[in-house]
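The transmembrane segment feature in TrEMBL is assigned to 12-32, 96-115, 136-155, 175-193, 200-218, 238-262, 274-298, 310-328.
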């Protein structure tokens, strides 16, 4: 009963906690000495923001912690079923997990961080490998690693006869294969130039994929087709790559904008944070409006198909969370992210794999 009570009032409780945290932090800041508050603190903030963006660390760690809790809790009866993943259509707490994981990975990826000036990057352009073999190794290493984990998960789940929903990704597919596929498709598109991996192309991919779903039988095929060959057995995972790739490309562009804007005036990084927070709230609001229109006029959101409405919903949620975290950092002038969050942020794949092993065991 306690679990259900907390679940019923999760949003009001979170609102109260965040409000109290913001209020107490603001009071603490108000009572600080004027010189420390206006000069030393802001100087320290500027120095730290040159090296890292704490609100991104908090966002990524929060997504990972929430995902891990949901994965482990969903097998217990106390976990409200309405928070579990939907079958075909709709919104739920666990539906946001896979999409938010893609966003949190893309927003700090190497293409996103390339927006930073060369002086701020850990390696200069001359230090990057130029030989064909090294380029292939750099390209294939992350894909191969994720594919190994995908195969290991498939063999483990089948070996222990663990319950699985075929309608989620397919008979043989899993989220690791999706990650590898998204990275492979995005890297392939980048070969043809930056314009091919631009947000315009991402929107075009999402639009064309939605047209296929709505007008050319794609939706009926994914939901109702018999599983009589390898393609149809894994149709959810294969076809959703179009939506995931579009989501990844848009998130990379968001990361480029964030890093590029924060480095536009290094001496006034704290002031940049304020304008960045406002921009995130405004853009997030516009995406929420687009989500509402898409749900009403185009199609209901579907994580299973990764359609346009689901993509917009994930982007709206992610931008709102980023705006809230950047706003808290700006108002409270938090110097850095907690050490635990930093550890989770730098080892996301390891944490996700560890949790996956735990819930199988």
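Numbering starts at 1 and runs along the chain as it is shown here.
Every residue, even glycine, has its Cβ placed from backbone N, Cα and C.
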Contact call for the transmembrane segment (310-328) and the transmembrane segment (175-193): at least 3 Cβ pairs under 8 Å, seq gap 6+: no
Highest-contact recorded stretch vs the transmembrane segment (175-193), from 96-115, 136-155, 200-218, 238-262, CB pairs under 8 Å: 136-155
Chain residues outside the transmembrane segment (238-262) and at least six past its termini with a C-beta under 8 angstroms from it: 49, 53, 56, 99, 102-103, 105-109, 111-116, 169-170, 173, 178, 181-182, 185-186, 189, 197-199, 201-203, 205-206, 208-209, 218, 222, 231, 269, 272-273, 275-276, 279, 304-308, 310-311, 314-315, 318-319, 322
